[in-house]
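Going by TrEMBL, these are the annotated features:
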| type | residues | note |
| --- | --- | --- |
| DOMAIN | 5-100 | domain 'Ig-like' |
| REGION | 57-164 | region 'Disordered' |
| COMPBIAS | 61-79 | compositional bias 'Polar residues' |
| COMPBIAS | 89-100 | compositional bias 'Basic and acidic residues' |
| DOMAIN | 182-261 | domain 'Ig-like' |
| REGION | 211-231 | region 'Disordered' |
| COMPBIAS | 220-230 | compositional bias 'Polar residues' |
| DOMAIN | 265-371 | domain 'Ig-like' |
């Protein structure tokens with residue numbers, strides 16, 4: 001039967017090469033049938049020379065390897081991004097492996113945590129390298145460096161991958177979907193290197209869903225990394241009922257990684273908010289400012305928007321803070337400022353601050369018309 005090949009990148013060294021010591025790069029191609037694969041090496045757009053080794057057969061599958069053969073031999077003077085591309089015509093398969101110049105240990109393991117961007121209402125992932133002892137005395141520092149050098153000469157160094165480590169993230173539904181859509185969308189996102197064989201799968205309450213899944217294409221980025229995502233749409237009622245949603249990353253070279261999303265039990269929804277006029281238009285053609293404050297809610301996920309005569313205003317008109325803890329409390333508070341341009345019609349407009357929380361049963365709101373000096377609570381917006 002026809003089998004597509006598996007491709008594995010191989011390097012000859014685990015540490016940054018010293019002076020002009022040679023470096024060997026190779027690709028191991030295995031598990032394919034029938035035989036005959038085409039291998040091409042590139043540095044940028046330039047094709048590189050290679051050494052192709054004979055194919056061997058075992059239990060119906062073939063194995064071969066290709067070694068980059070630059071002239072002169074590859075050394076520190078030939079830094080760049082090398083790519084090994086393998087094509088297997090019978091299985092209509094093309095796979096690519098990227099080699100980046102090995103970084104120094106300090107570059108590979110920075111002394112500060114690496115934090116991925118966090119989407120609003122989403123989950124973030126952070127990784128921190130192991131803590132190291134910090135010696136304050138100069139002599140102690142020199143002794144420590146000498147000890148590390150001696151250990152490095154006697155021990156076989158661990159060979160880390162020169163490719164970017166995988167990061168997996170699961171983003172729960174946006175609050176807008178929880179209020180205004182019949183279905184909510186989950187996004188599972190993976191970023192790293194060599195993702196051609198990565199696969200994202202879903203489980204809802206421990207079972208594979210029958211539909212609603214959409215897998216995005218493999219994307220290449222300018223920094224050499226790759227990313228892939230998968231989306232799952234579910235009825236809003238399932239999420240509100242506390243159903244667990246699990247995303248699993250499967251990769252032939254790595255153990256599977258699972259991320260689970262659960263609806264966080266809400267401690268308290270906000271019960272009231274305040275709306276105040278910060279500055280009125282003077283002269284009348286000038287802008288006015290309204291301040292909306294909401295407090296005593298937990299967890300911090302909250303949605304705040306503004307309406308003008310029951311129509312949503314442009315987001316460039318207002319700025320909203322991220323929820324922050326209230327002093328001496330487990331609750332949170334947030335506020336938003338709306339800039340109202342000078343009046344464009346003789347009829348005064350009514351502005352409404354609308355707040356929703358994942359544990360709210362109604363939309364909390366307060367309104368103010370700029371031609372009056374009192375605040376009117378209107379009840380839920382229909």
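Backbone N, Cα and C define each Cβ position, glycine as well.
Quick caveat, the model's predicted, so the values are computed rather than measured.
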Inset, instruction - Taking helix as H, G and I and strand as E and B in DSSP, count the residues of the domain 'Ig-like' (182-261) in helix, strand and coil. - result: 5 helix, 47 strand, 28 coil
Inset, instruction - For the compositional bias 'Basic and acidic residues' (89-100), could you work out the same-chain residues 6 or more beyond its ends whose Cβ comes under 8 Å from its Cβ atoms? - result: 2-5, 7-9, 11, 25, 27, 32-34, 36, 38, 81-83, 162-163, 193-194, 196, 224
Inset, instruction - Report the DSSP secondary-structure composition of the domain 'Ig-like' (265-371) as helix, strand and coil residue counts. - result: 3 helix, 56 strand, 48 coil
Legend entry - Number of helical, extended and coil residues in the compositional bias 'Basic and acidic residues' (89-100), per DSSP: 3 helix, 7 strand, 2 coil
